[in-house]
Amino acid sequence: MRTTTYFFIFLNLSLAVFEEPAVYPLPFLVTSLAEVLCLLVFFGRLTHFAKVTHRNVFWKDTKNICIMVAILLSLTDLAVYGILRIYSVRSVRWSRIVRPIFLINFAESRQIRRAFRSIRNTLPEITYVFLLFMFSLLMFSLMALKLFSERNLQTAEGLPYFRNYLEIVFDLYVLVTTANSPDVMMPAFDFSSWYALFFVAFVIVNTYIFMSLFLAVVYNNYKKHLKVMFGGVNCD
């Protein structure tokens, strides 16, 4: 039963790869039939669980309610999407975001729920580090706007360079991952090599210090909640 449930959960989640917009597109009829089959299996598993569980216990369990709501939402969205498709009206399958609910809330997914609960309990405690990181990013973006906006610099594509604050925030956010390094600083570097110091300081503060601090806080708090959940067992 557990293997069958996991198989159809995996199949349901993997449909996102084949549904429009898709990596490997399949006809709508194929994906819709596969989804209906998965939902029928989930409903059958839920019905089986209800048969062997006291009624009051079953209806007081929020996991069962979440699964039922997810099934109804998925069927409703599938029906509406199919009707709109008949009339050539373009729409979005918004029910995809509820599919992980099946992975988390079935009785077989106890370990996954424990990990998810630890992540959920960790999030409030890393908020302060995240806010400090965002404050640093916004301040560096403001400094970049003041430094480069009046220099009339242009990118290699001939676009204005660092003249819009929100675009600067996005570019520097990407720079935290070093995905756009060193391209993002080349227009400023070509104007004056001293401007490289700004980007070096940004990478040191945000990539090497804040990201390391962020990772340490996430790890320590996750480990702490995991120890509490397992009754003080060493989780190293």
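The backbone N, Cα and C atoms fix where each Cβ goes, and this holds for glycine too.
Just so it is clear, the model here is predicted, and its values are computed rather than measured.
Copied from TrEMBL, the annotated features are:
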- 1-16: signal peptide (SIGNAL)
- 6-224: domain 'Ion transport' (DOMAIN)
- 26-44: transmembrane segment (TRANSMEM)
- 65-84: transmembrane segment (TRANSMEM)
- 126-145: transmembrane segment (TRANSMEM)
- 165-182: transmembrane segment (TRANSMEM)
- 194-219: transmembrane segment (TRANSMEM)
Stretch-level contact, the transmembrane segment (126-145) and the transmembrane segment (194-219), CB cutoff 8 A, at least 3 pairs:
yes
How does the model score the domain 'Ion transport' (6-224) in terms of mean pLDDT?
89
Residue numbers, six or more beyond the limits of the transmembrane segment (26-44), whose CB comes under 8 Å of its CB atoms:
4-5, 8-9, 11-12, 15, 18-20, 67, 71, 74-75, 78, 82, 85, 102, 106
